[in-house]
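Asker: Just passing along the structure, written as structure tokens.
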Amino acid sequence: MSHDSSNSPRSKRLQLISDYGCTRSSKCRKPCSRSAETVSTRREAEPVRADVKGTQHLSGPGRAGLTGGPAAGRAAARAGAMAKLLSCVLGPRLYKIYRERDSERAPSSVPGTPTSVTNPHSSSWDTYYQPRALEKHADSILALASVFWSISYYSSPFAFFYLYRKGYLSLSKVVPFSHYAGTLLLLLAGVACLRGIGRWTNPQYRQFITILEATHRNHSAENKRQLANYNFDFRSWPVDFHWEEPSSRKESRGGPSRRGVALLRPEPLHRGTADTFLNRVKKLPCQITSYLVAHTLGRRMLYPGSVYLLQKALMPVLLQGQARLVEECHGRRAKLLACDGNEIDTMFVDRRGTAEPQGQKLVICCEGNAGFYEVGCVSTPLEAGYSVLGWNHPGFAGSTGVPFPQNEANAMDVVVQFAIHRLGFQPEDIILYAWSIGGFTATWAAMSYPDISAVILDASFDDLVPLALKVMPDSWRGLVTRTVRQHLNLNNAEQLCRYQGPVLLIRRTRDEIITTTVPEDIMSNRGNDLLLKFLQHRYPRVMAEEGLRVVRQWLEASSQLEEGERGSAEGFGWGPGKTRMLMGTRLSP
């Protein structure tokens, strides 16, 4: 049976479509005031129907942009909010927001910075950072957990021995304990997230984290200036100076390497013995014991300021001292990266713009074994009008690492390089001022940079071995001597003898730390031995038997009146209360 294709429904539909296309074509060929480009654009923007019923495809960028724009913007906003929340969870702890001086206020270069945050005028901005209740309580819980962890760390050897004796280290007992520990860690992670939410709801912290992220992306001067208005956990502070930054270091082969700067090595205890394999095996147990003693008990006894619990107790005092240096003395904080990877916390107070001539001189302060630049000896040169550069030992406050002699020398080297190449001081304009154990780094810098102007050693000593033997049992003499020489060798006198510039030694008449007997026995003060070794090296002919006897008698005087009497008896004409000049080295009692 045949069908007429011209009368079928399909042919009629095709015919209608053809007529519609011809009508459109004829209309387009008529004169029109619109341009061809306008018509073409309009056609591209018109909808095209597909064969699938109920489905419509839109062509052209106009309608796609109108449909996807708001949704894409909302998605980007949600992603930005989640990123900000994650930054608040992982961000550092904020301690204080310094009050900003009117002369330093400037419009913020960080996008999204409110004017009320950039230029604070309220009195609440001049106090410590006030966290919200959620952040405050969560931070307290995490701080308490940190203290318990520190106590557990230091007592872990005794706890391990106790658990072993009680039989708690079996597998049946350890597995439940690991479950408890995992649950506790999950709870602490939840507390950290709650703290992040509390920070996220605080506009002050959100503004701080925005400036911190902008500074990490772009180390511009404006970003650093804004970041300097905040006191926070120094681990998140960007590095300001690298030990390889000076061009002279990159070109020279004699500079420090990643293994550290050069130190004076002690002579072997038994000279002339053959260093055979059998002798090395015999020394191995003693070397292991010395290493363990130095890295556990010895280092913490020598540098108690590196103990976390002590730093936690001193935190309010350190924050107050740092605020005084920044707000009153216009100090500038900086992070220096040493060659061993340790980050050194420094504070620089510039007095070169003042009318006082001593402001052109820079005093680099080296603190004691429990001293910090926030509350240390930097106040003395500041009161005298000098420019001051303070720094903390490795492991102290914001500095990382552990305070062993090699790390100490590496830190001192990058501090001196920072003063010369970044701050713009010449070695002839730098004075080294050290208190107590800081004499090691000061004498090392004087030995390594002989053009330095002068060295001032206050309450320092010549060698660590006699002081270590004083506090340890006599039966440990061999172990103590070996441990100090191999791992904690603070040979101040040996390093000072290699410096040819002026030296000022200050001795404390009742020093309980660097005396080997009692404070009343002034001749047991190791500052006397430091002076005698230094004078014997610099003036060997003058410091013969007679000269050495006269100097010893003079050092035995415990008061200025007694000094004057002994000096007059020897014919030197020293009177009480007068400044003594002893063979080119100035000595103060």
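Indices start at 1 and increase along the chain as displayed.
Glycine residues also receive a Cβ, built from the backbone N, Cα and C atoms like all the rest.
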Asker: Which range is it, out of 72-92, 177-197, that shows up in TrEMBL as transmembrane segment?
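Answerer: Among 72-92, 177-197, the range TrEMBL annotates as transmembrane segment is 177-197.
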Asker: Residues of the same chain, at least six outside the transmembrane segment (177-197), with any C-beta under 8 angstroms of its C-beta?
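Answerer: Answer is 85-86, 88-91, 134-135, 138-139, 141-142, 145.
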Asker: Counting by DSSP, what is the helix, strand and coil composition of the domain 'Phosphatidylserine Lipase ABHD16 N-terminal' (84-233)?
Answerer: 103 helix, 8 strand, 39 coil
